[in-house]
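Enquirer: One structure coming up, written as structure tokens, with questions to follow.
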Amino acid sequence: MSLAESVTSALRDASLDPLYVEDLVRATLEEDLAGGVDITSEATIPAGQRARATLATRQEGVVAGLPVIETVFSATSDDVVLERRVADGSWVEPGTPVLTVTGLTREILAAERTALNLGSRLSGIATATSQWVYELRGTRTVVRDTRKTTPLLRPLEKYAVRVGGGENHRFSLSEAALIKDNHIVAAGGITAAFRAVKQASPEIPVEVEVDDVAGAVEAVEAGAELVLLDNFSVDEVREAVAVVGGRARLEVSGGLTLDGARAYAETGVDYLSVGALTHSVVALDLGLDVEQVQSMPGHQQQWSSRRADMNLVREQRYADTAENPVFG
């Protein structure tokens, strides 16, 4: 079965390759079914039964990945209706309906875990990124991601960073040059490494990683337009900003925390490079509840509520477990 055109269009609008996302989604669905069927659903749900289910947040945060979640349901069934309840990138409270799914009950549940796994992770990344963006408000500093991503999920995780308001660093080794300590040792120094890269690829952007102010000066004098200050203290960054004097953009990386982010930003540095946005993020809790099922005795459609009182119960549960607002 092919993806619905509306789903493919939404992926393109999010700057995601539909073929990549579809292949990834089908592989994750196959991982869950392992060549078989959902034996629990096959036993408990009549063939042909239809249902309406709502995907909702169980924590506050930024919702990201709606085009990906829609791809999961669309890849599972040709007979599914998807209705977004919020826009991708929305900050939501616990209990907020995000997406309504209507289709065959068995197929909805076959897609459930894959949709939640991907949506929860991407929303967690977007939420974490938004916290950094908020912390840096009023400064010139931009938070950026790294290549410390989950294997095969890099395009999705970097998309989630964008949804959260951050900026992407390079996607691949072939996109731009980043001269690191091992390159410097192998080439015989900062200047030698920089010249070698520019000679081999004169048009490609080159960033140089340094571990002290003297290294930053050498990199700038060699011609670097972007210098990565690795594991610098706030005072060392402030000194580097003064010495470089705007001749190159400066990026800080290594050991950064949200609590200390603003102190670094107030030095005037251009970027904070934060691997934790993707390598150790906490997923945002999402859930899917079947709310109505449809039976068709004698070909006459009838809807019955399976969760008549659940909205009230859910709201109370969220109220009891909600944490303080991040942006309070």
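Using N, Cα and C of the backbone, Cβ positions are placed for all residues, glycine too.
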Enquirer: With R113, T146, R147, K148, R170, K180, E209, S253, G254, G255, V274, G275, A276 listed by TrEMBL as binding substrate, identify the candidate in D230, D235, D289 belonging to that site.
Expert: D230
Enquirer: For the substrate binding site, please report the maximum Cα-Cα distance among R113, T146, R147, K148, R170, K180, E209, D230, S253, G254, G255, V274, G275, A276 in Å.
Expert: 41
Enquirer: 10 Å Cβ neighbour count around G275 (substrate binding site)?
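Expert: Taking all protein chains shown, G275 (substrate binding site) has 16 Cβ neighbours within 10 Å.
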Enquirer: Could you say whether, by DSSP, G275 (substrate binding site) belongs to a helix, a strand or a coil region?
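Expert: DSSP assigns G275 (substrate binding site) to coil.
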Enquirer: DSSP secondary structure for R113 (substrate binding site), reduced to helix/strand/coil, please.
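Expert: The residue in question, R113 (substrate binding site), is helix (DSSP, three-state).
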